[in-house]
Amino acid sequence: MEKSCTLIVHFDKGTPALANEIKEALEANDVAAKIDALKKAIMLLLNGETIPQLFITIIRYVLPSEDHTIQKLLLLYLEIIDKTDSRGKVLPEMILICQNLRNNLQHPNEYIRGVTLRFLCRLNESEIIEPLIPSILSNLEHRHPFVRRNAVLAVMSVYKLPQGEQLLDSAPEIVDKFLSSEQDPSSKRNAFLMLFSCAQDRAINYLFANIDRIIDWGEQLQMVVLELIRKVCRSNKGEKGKYIKIIIALLNASSTAVIYECASTLVSLSSAPTAIRAAASTYCQLLLSQSDNNVKLIVLDRLNELKSSNREIMVEMVMDVLRALSTPNHDIRRKTLDIALELITPRNIDEVVMMLKKEVVKTQSGEHEKNGEYRQMLVQAIHTCAIKFPEVASTVVHLLMDFLGDTNVASAMDVVVFVREIIETNPKLRISIITRLLDTFYQIRAARVCSCALWIIGEYCLSLSEVESGIATIKQCLGDLPFYTITDEGDGQDSSKPIQQVNSTTVSSRRPAILADGTYATQSAALETAMSPPTLVQGSLSSVGNLRSLILSGDFFLGAVVACTLTKLVLRLEEVQTSKVEVNKATTQALLIIVSMLQLGQSSALPHPIDNDSYDRIVLCIRLLCNTGDEIRKIWLQSCRQSFVKMLADKQRRETEEIKAKAQISNAQPDDLIDFYHLKSRKGMSQLELEDEVQDDLKRATGEFTKDGDDANKLNRILQLTGFSDPVYAEAYVTVHHYDIVLDVTVINRTKETLQNLCLELATMGDLKLVERPQNYTLAPESSKQIKANIKVSSTETGVIFGNIVYETSSNVLERTVIVLNDIHIDIMDYISPASCADVAFRTMWAEFEWENKFGSFRYDAKTGISVGGKVAVNTVLQDEREFLTHIIKSTNMKCLTPPSALEGECGFLAANLYAKSVFGEDALVNVSIEKQADGKLSGYIRIRSKTQGIALSLGDKITLKQKGTA
């Protein structure tokens, strides 16, 4: 049976020492040899060895030594040896050490006295301690503070023993007198801790007797005071008003640790606006004064909690929170922006946007390698502000348009998406945005940004001058025609050179990409990379246009977008231009450009020919320009924009619904009691206490004091560990926190015998670790015992806890009985929660994550000889696609990123993306693709991707199990 140990000593594993060698070294006169031998003896004892023959040797040869190191090692040895027999009685030879301990307590050296007093704190045998009590008390008056502070701890440990009140009944009174005259901060802290633990009333009396001097006390004592206040206020909520005054006074303490604890205590005890405002202000000061990034992240978490419960007060602090953006760490910046964006109001929006604009400008001048990523965060934050408060869009949109040519593609993409939304929602800004976009279009270097900007030009160039400027800008960026000559095509080597010089970052290989609906498509790597700076090309302009460079690199999707934009501009020119000659001239030029792109795509000058989709789209543009009809014109000039407006409205509606869902709060029960503070006596109550009473009443009325957990839900977490016929019945209540699991095990003795040395032995499988080993217990007949076990969790992975209960009966002590327990499976659902992410971010993560768990089989194609993805019957009786998707979302505790509008209709096919985040910050991505067969059954597959293997496999097992459960 393993025993608990109170010390850990590091040692290098090697050949263990022999007991005879240790004994000889201890009997020698060499001090160094004795020290080495004592260390070896302690190592053997810690490793489970029993060396009873050494005890008398140590009493004879080691005990009389005056060496301080030997005395310290001797106390460690005495701490870990067995001092009692099998019946719990103190061994007779232990009396031999009492005289030595008494001598140490009266030793002239303060170090010997101090370490001996510390050793006595870990002794549980009252027979050994009883004769030493007078010596312990005399050390309370020693001249050296090291001795006094340990003497107080020794008094506290003696008083806490089972027979402590009989051994030292006057301990609280003695320590109270000691505390009133003591000057050493550590000794005062230990004395106050003793009163706090053993005589709470005396501690409270001392606190209020010295209330004016609390601010001058040491940091350690102030921390114990806060612990006392928390304990008292939890047990007696009616008196917390006078304690809150003490906490607010301590907010001016010199120690940052005390200030942080004060703010946390204030938030936990009081709901008064004055208290919450003081706590929030304290957190903001810590956020700016502390240089440690970990401290800043913790403080931001506290501010985030305050924001959810006291938003009105936090709104006042938004500018103080934003000052944390000066920290170069991106995690801190991201968390700061998340908090600030939920605190913007019409009153502070101008200040917030001004601050964000200043930060954007700073990213231009700085040379930090992650400036692009930070700029992207700022752009997204400004975008959110502009959506909530459209009136600020005019102040930021032109500044952000300077970054359309950003080398960070993601940042530039965010800017152009922001511009696209603002130009639709703010008609007054349309002219200025179009003018600025046409002026800066040549700076854009990314294909995706060019595509979006071209769509804006095609849809929002309405006047004659804007349409003509749009056509001229596109022509300028495309450069001279043709894109290649026939002679170049004849010479394969010469024709390839100018193309390769255009874009050195282009990769000609192709790879699959995840589309918005969850399906795969092939895309060129050129779509993902930013274009390199223009280089000289033979036979062309000295400066190559951005569109020409990207099209020459093989990006024909962009070519199709250019063709569509030119077509829209020409169609609109027919409406605003009265001269038919000018219209025909523009149509001819557009056709020439489009045909040149088509000719380039079908030539051998590029490593890859044009893809079929782009080819069909470009051909459609040619046909449309040659023969336009009113119906087609309406589709191209109106329907596209109407679809975009509908998409924005749907997005706004979904965001509004999410906000309403978050705003729903629980209501109190109709029969709950409410205290009306207006009818209470206000005598002796300060303004702070009145505020606190009001807030408590409001919370009680609105249901915020109701318990979070449902009783029925708690019953579901109780797991039976043994059978009803076993002599010991055990069941566990499992509580899963973020980083640990608490098992509250109830053990019931169902026999008529006393069970001795009953121990709950647990082991774990997976990324779980047992924190501490439960100790042994004695169970009376038909009695029960509550045993707690803590298990540390290090990753999001399904784990298993297993073990057994071992005990001895009073009738047969030599025989041990073992009862094997049922396994406890820790569910991955306890660690992941639904989360949101942008569509672009989802696709980026899907491409990056290497661990994929695919539910589906593959069929072999005999014609081609390769394996291709097949449709796999999903193991379910559900026959409706959306019902199956809802079942998967509920089973996996994930959020569906695909908007409901995309899932509407009856097409027999459904593809959706799901997303969740674990408490450890891991991302879980799921793609569901299902199809309804002719017989009404569902078929398809589910793919899971994550950065780590554990979460992918665990989530896969969960889905497989849940699918079988519905079969």
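Even glycines carry a Cβ here, placed using N, Cα and C.
As written in TrEMBL, here are the features:
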{"type": "DOMAIN", "residues": "20-466", "note": "domain 'Clathrin/coatomer adaptor adaptin-like N-terminal'"}
{"type": "DOMAIN", "residues": "670-808", "note": "domain 'Coatomer beta subunit C-terminal'"}
{"type": "DOMAIN", "residues": "815-855", "note": "domain 'Coatomer beta subunit appendage platform'"}
{"type": "DOMAIN", "residues": "871-959", "note": "domain 'Coatomer beta subunit appendage platform'"}
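With DSSP classes pooled into helix, strand and coil, the tally for the domain 'Coatomer beta subunit appendage platform' (815-855) is 13 helix, 16 strand, 12 coil. Across the range of the domain 'Coatomer beta subunit appendage platform' (871-959), the DSSP-based residue counts are 27 helix, 33 strand, 29 coil. Mean pLDDT across the domain 'Coatomer beta subunit C-terminal' (670-808) comes to 74 in this model. Outside the domain 'Coatomer beta subunit appendage platform' (815-855), and at least 6 residues removed from its termini, the chain residues within Cβ reach (under 8 Å) are 410, 413, 513-516, 719-722, 726-728, 730, 732, 734, 736, 741, 743, 766, 768, 793, 796-809, 872, 892-895, 897, 913, 915-920, 923-925, 927, 941-949, 951-956, 958-960.
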